[in-house]
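Notes for the one structure printed next.
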Amino acid sequence: MADGGVGVLAHKASGDLEDIEDGPQVTETENQRVTLTEEDNRRILRKTDLTILPILAWVYFLQILDKTVLGYGAIFGLREDAHLQGNQYSLIGSIAPIAQLAWQPFSSILIIKVPHRILMSVLVLGWGIAQCLTPLCKTFSALLAVRFFLGLFEAGCLPLFSVITAHWYRRSEQPVRVAGWYGTNGLATIFAAALSFGLAKIHSHVLASWQIIFLFTGLMTIATVPVIYWKLDNNVHSARFLTAEEKLKVIERLRANNNGTSDGEAHKFKWAQVGEVFLDIKTYLFIAMSLANNLGAQVVNTFGPLILSGLGFDNHKTTLLNIPFGAVQYVVILGVAWTSVKLRSGKGFALLIILLPILAGISMLYVLPRDKSHTAPLLVGYYFLAFIFGCNTLVVSWILANTAGSTKSSIMMSLFNAASSAGNIIGPLLFDTADAPAYTPGLKATLGVYSMMAAVVLLQLGNLVLLNKMQEKKRVANGKPAKLHDASMDKKFNAADAAQAQEGDMGSRAFLDLTDRQNDEFIYVY
């Protein structure tokens, strides 16, 4: 197909500003079936990894870095200079997720309506400016305001990144790619600790150590904006790093996903899909997982350095001790993603496994006394909390694998982020400075939350088994085989399976922007 033919498929942004329920449409390119070899598959995957993944990884790294340095600002004078008292520091830690929670309905619409390269550039610029303004804040109200706007601009980050991952990768590839950008949680923790340690050594008569930390990270974020706009492509059809032939092969590569679309932006917001989200039981189970896990994650982000300092270390040692914690985070996230791919449909089972060290770590911090003879086991217990971040990787990839339809996917990821924000709001409030240095009431509550999360994972596994049984009945009623091979979960692209599918109409509904409930060929992943 000539370049001009593909150009017809480019996104018409002005046409997407109408909230109209149109029938599903498939572009000429999406209808055209082409031959794709495993060699083609590997080459295209490699090009996608080199172009899309570095942007996602770097921007997510910056988001985590900008949030994480709040904890280091606290141990390098932020609380004293701003005259924070009682739960005021906790409220500052909670205000960003409050903003994210409030903004989620708008985020889900913007992800559908606004081209991704524009949306991501604006979000990063906004929170970078907020970070740079933080050193000017010397009162509780000023800090509250600037952290609110930081959270507001960060609100669309995780849903947007998840949708981008679903648009560019097959379901079998998604866990490792989600881990690729979400894993920068660990790298950001390492970098934040090392950076804060180094910048705190700077003696300035103008800026305090915490002010230097916030200003440096904010300027790093703002400097990234032009690179994002230059390098990121909105969708497969307009991708500058792909040839016209490769674009057709990418669409064929993604067909087995049955996620409703190969296009990252050219869609109308469909209210029928919104309704389906809220009528779907798995929505609420995924929300419960996100709420539970991110309650614990915010405890680490906001109170991690304070918990370490409560073990008797000075400010500089406390900072350095978070470096191995970040390394454990990174290894856990990548290891969990790799394991889930090897297990093929093992995301739920992998979640149950990694909840064990989390429960063990919280239990150790809860029961062990805070004295020098128990420093080593307390550190081990704290480092076990790094497995929290492996949970989020699995939950995100589990949601992506089990949700189809452009609007439904966007809403689902926004709800995940809303639940994450709610957990981030509740988490710090469970830890009162009056309970320092042990924080046992908060740790007890967190232990109960993660026990509940294990039960929710089991319920979701049972629910997905039931949904697949219902899908089989639909296929039989429509004259199709009850059992289908899920090619999207194959580690390698199988050209023989693709050729067999082309003989009938199997796969013809893949790009009709149907939801997982509407498409009888959709197979749920455990």
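Cβ coordinates are placed from backbone N, Cα and C, and glycine is handled just like the others.
The domain 'Major facilitator superfamily (MFS) profile' annotation in TrEMBL covers 52-472. Here TrEMBL flags 55-78, 90-112, 148-169, 181-200, 212-232, 321-341, 348-368, 380-401, 413-431, 447-467 as transmembrane segment.
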Which listed range (148-169, 212-232, 447-467) shows the maximal number of Cβ pairs under 8 Å with respect to the transmembrane segment (181-200)?
212-232
Are the transmembrane segment (447-467) and the transmembrane segment (348-368) close, by which I mean at least 3 Cβ pairs under 8 Å that are 6+ residues apart in sequence?
yes
Highest-contact recorded stretch vs the transmembrane segment (380-401), from 55-78, 148-169, 212-232, 321-341, 413-431, CB pairs under 8 Å:
321-341
